[in-house]
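Q: The following feature annotations were taken from TrEMBL:
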type: TRANSMEM; residues: 59-78; note: transmembrane segment
type: TRANSMEM; residues: 181-201; note: transmembrane segment
type: TRANSMEM; residues: 236-257; note: transmembrane segment
type: TRANSMEM; residues: 263-285; note: transmembrane segment
type: TRANSMEM; residues: 297-315; note: transmembrane segment
type: TRANSMEM; residues: 321-343; note: transmembrane segment
type: TRANSMEM; residues: 355-378; note: transmembrane segment
type: TRANSMEM; residues: 384-401; note: transmembrane segment
Amino acid sequence: MTQTDVGGTVLTTRSPPSLRRNARFQTLWAGSAASLLGARMADTAYPLLLLSMTGSPSVAGAFGAVQLAATLAFGLHGGSIADRCDRRKVLIIADGIRCLITSSIPVALWLHCLTVAQTMLVAVSIGAATAYGAPSRLLAVRSVVPQAQLRQALAQDEARSNGAGLIGPPVAGLLFGLARMAPFIGTALGSFTAFLAACLVRFDGRAGGRRGGGPGGGALEGLRYLARSRELRPTLAVACALNVTAMAVTLPVVVLLRSHHTASGGIGLALSGEAVGGIAGAFLIGRLHRMMRPGKLLLISTWACVPLLFAPLLPGGPVTVFLSLAVMMLTLPALRVMIDVLIFQRVDDALRGRVVSATMNLFMLGMPAGLLGSGLLVDHTSPAVTFAVLAALLTAALVPATRSASLRATDWPAT
């Protein structure tokens with residue numbers, strides 16, 4: 001609470017409540033956390049279910065591929081809808097559809113009528129719901145949180161994402177071992193919690209706080225904006241290269257550890273370094289942002305990853321791999337929040353949905369690109385050569401970004 005003397009009259013203004021006491025944000029966050037935990041459980045449970053139904057690894061892997069393809073196919077249109085329609089209503093509809101679709105799996109299992117075709121339809125529906133709901137969910141954070149608390153709120157979102165990635169897969173495996181239906185009930189409950197939270201929290205969901213939506217340009221305007229932006233273009237080029245590298249590094253690490261006769265449990269613990277580093281990094285976001293400007297943070301963090309790509313080749317086996325992956329992922333939460341903050345700072349609210357969806361699509365494209373590229377490299381070369389190629393890719397993206405004066409001059413928004 002602050003008091004100001006204006007013309008002999010004392011005006012009292014209340015400071016916004018702390019983020020912890022912001023009921024609207026915490027309700028949305030809890031719903032999103034439950035939904036994301038269910039989604040990470042589903043990433044493990046659906047392949048296990050399809051493998052038990054068909055015995056085919058390709059069918060088991062098809063669920064994730066179909067879901068990702070649907071998210072990419074509808075992604076840009078989802079951002080356009082977020083700029084043209086009430087974002088709160090879009091979020092409610094997307095979460096409602098996800099809740100209904102995910103609930104159909106345990107019901108079908110209970111009735112003994114589940115088919116592969118139904119699971120693929122569920123994959124398409126979940127992918128589409130993600131494409132439409134994700135931009136509106138991120139933009140809802142800005143609607144319920146003051147500008148001064150935005151970075152803290154986004155940091156809490158990062159902790160949610162990394163925590164779900166660490167907890168979800170083992171919980172799904174444990175529940176699936178108890179009963180095939182169990183992880184899917186958990187996924188449905190997570191989706192219902194997110195739907196309930198979206199219904200309970202009220203905020204102005206109109207783009208720019210007014211009717212009529214945003215500027216013209218259609219669904220592709222977000223990509224055009226990113227291509228024109230002198231700050232966001234090099235930032236995203238480096239971030240996308242880093243994302244591809246992060247996705248690609250897992251397979252050569254697994255092959256390398258197996259060649260050293262590391263047990264499956266040791267490989268799993270070594271790979272958990274990514275999630276551990278991400279969770280630890282979420283608590284460093286505020287400190288890193290205070291220490292460095294956006295451009296400096298991006299360049300120092302990413303250049304540091306180049307030599308770390310060769311760390312798994314050093315002695316130490318799983319311990320070395322765990323530490324190298326944890327250190328590599330330590331600054332990724334700060335970089336992701338940095339990009340979100342820059343979008344909120346630089347982009348007009350009437351266009352943010354399309355820019356957010358374009359950014360998400362670019363990052364998601366890195367998943368199949370990284371996995372496919374690393375698979376081809378490991379098949380035809382060796383883990384060491386694969387690490388070298390990934391380091392070269394990262395360096396190629398970093399060199400022009402390092403020379404960008406506009407990127408180095410980019411500053412944080414005033415609060």
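Using the three backbone atoms N, Cα and C, a Cβ is placed for every residue, glycine included.
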Q: Restricting to CB pairs under 8 Å, which listed stretch, 236-257, 263-285, 321-343, 355-378, is in contact most with the transmembrane segment (59-78)?
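A: So the stretch in question is 355-378.
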Q: What stretch, picked from 236-257, 263-285, 297-315, has the most CB pairs under 8 A with the transmembrane segment (321-343)?
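A: Between the candidates 236-257, 263-285, 297-315, the best contact partner of the transmembrane segment (321-343) is 263-285.
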Q: If we call contact 3 or more Cβ pairs under 8 Å (sequence gap 6 or more), are the transmembrane segment (297-315) and the transmembrane segment (384-401) touching?
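A: Yes, since the transmembrane segment (297-315) and the transmembrane segment (384-401) share at least 3 Cβ pairs closer than 8 Å, they count as touching.
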Q: Going through 181-201, 236-257, 384-401 one by one, which has the most CB pairs that fall under 8 Å from the transmembrane segment (355-378)?
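A: The stretch I would name here is 236-257.
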